[in-house]
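Written out below as structure tokens is the structure these notes cover.
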Amino acid sequence: MPDSLTFLGIESSCDDTAAAVVRLTSGRGEILSSVVEGQTALHAAFGGVVPEIAARAHAERVDLCVERALAEAGLPLAALDGIAVTAGPGLIGGVLSGVMCAKGLAAATGLPLVGVNHLAGHALTPRLTDGIDYPYLMLLVSGGHCQFLRVDGPDDFTRLGGSIDDAPGEAFDKVAKILALPQPGGPSVQAEAERGDAKRIPLPRPLLDRPGYDLSFSGLKTAVLRARDGLMAGLGGLRQQDRADLCAAFQRAVADVLVEKSRRALTDHPVRTFAVAGGVAANSEIRARLQALCAGLDTVFLAPPLRLCTDNAAMIAWAGIEQFQLRGADDMTLVARPRWPLDKRSPALIGSGKKGAKA
Ligand code: KG4
Ligand code: ZN
């Protein structure tokens, strides 16, 4: 295997069309370009991602993103060593757009084609950004994902636990909706929470009474709805302070369960590094609490830069490189998969997030 590999990555499994060029040199990754075109505006009127609209937008934009990524990297297709593409899990129309584009490019150039699991992309990001060694623990918390992973190799993942219903970002978004705050809900709930009293309104800490690392956020969201209705019935309306207190209480409850489940996971699986990824990792209270937990356990806490925590194609190119080194390329029978559990040994999670099937 050559010492240096340069891969194009393509990502289209949800509501971001992305392409990137990543180079591995002497064991370290370098992002030569990373283009992400979000679709937020296209879905805004519908209160969630509409799969058909997403698929059409991916099909229309994916080749243009590839063109831009190559131009920004200053490389022609011929300078690449391979093409990595998200082959699942995700919204099938979008995944198909990316896989067809990658297959077309691979057929035209003869370059190796590597199908990558989207979650592997997230899970391997700390190796791209910080070059950390295996094994490590990963907490993926976004609008569509929520799982604890132990990462032992490029294709060796153990899912310790995950959400049995909503993903945490999804719960932040729904709470924002309940309280008439703007979407995406995470940043607006966080801003309100900063002015709120987290102790005034009691909310549950779901699944803390049960052993293991599974999480649940659906009941917490319903508890916020009930608390809002209770306050409105009693006061005849919701004051600004009530809304801030509800946000603070909700955010504190999410942070409490994430911290406690992380503490359990790290105690049972002592590793050098604990990494987080996903949009919810941007939450300052959650981030600070997880950082404090790691400091107490003598574990390195790692949160990749936000643009690499959220959906992007650099993580796909990187995972493609690592997996190509391990197992070689896929052939033209590569298929797009709506569901694709990262950990082949653990049973699939039953939840299904607003952004499509969870794995
Ligand atoms: O990883 P991401 O960009 O997309 C996927 O879900 O794949 O995550 C987006 C989610 C949204 O649900 C958003 O509300 C949440 O991350 N989020 C936050 C914050 N910023 C974004 N949640 C809590 N606090 C934040 N500051
Ligand atoms: Zn993702």
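Quick reminder: no glycine exception, Cβ is built from N, Cα and C everywhere.
All annotation found in TrEMBL is predicted automatically rather than curated by experts.
As recorded in TrEMBL:
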type    : residues                                                       : note
DOMAIN  : 30-318                                                         : domain 'Gcp-like'
BINDING : His118, His122, Asp311                                         : Fe cation binding site
BINDING : Leu140, Val141, Ser142, Gly143, Gly144, Asp173, Gly186, Asn283 : substrate binding site
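With the fewest other Cβ atoms inside 10 Å of its Cβ, the least crowded of the binding-site residues Gly144, Gly186 in this structure is Gly186.
Ligand 2 lies under 6 Å from the Cβ of the following binding-site residues, listed in sequence order from Asp173, Gly186, Asp311: Asp311. Using a 10 Å Cα-Cα cut-off from Leu140 (substrate binding site), the binding-site residues that qualify among His118, His122, Asp311 are His122. Cβ crowding, taken as the number of other Cβ atoms within 10 Å, peaks at Asp311 among the binding-site residues Asp173, Asp311.
Among the binding-site residues His118, His122, Val141, Gly144, Asp311, the residues whose Cβ sits under 6 Å from any atom of ligand 1 are Gly144, Asp311. Excluding the listed site residues His118, His122, Asp311, the same chain places Glu11, Ser13, Cys14, Thr86, Leu119, Gly121, Ser142, His145, Asn312, Met315, Ile316 with Cβ atoms within 8 Å of the centre of the Fe cation site Cβ atoms. The domain 'Gcp-like' (30-318) scores a mean pLDDT of 94 in the predicted structure.
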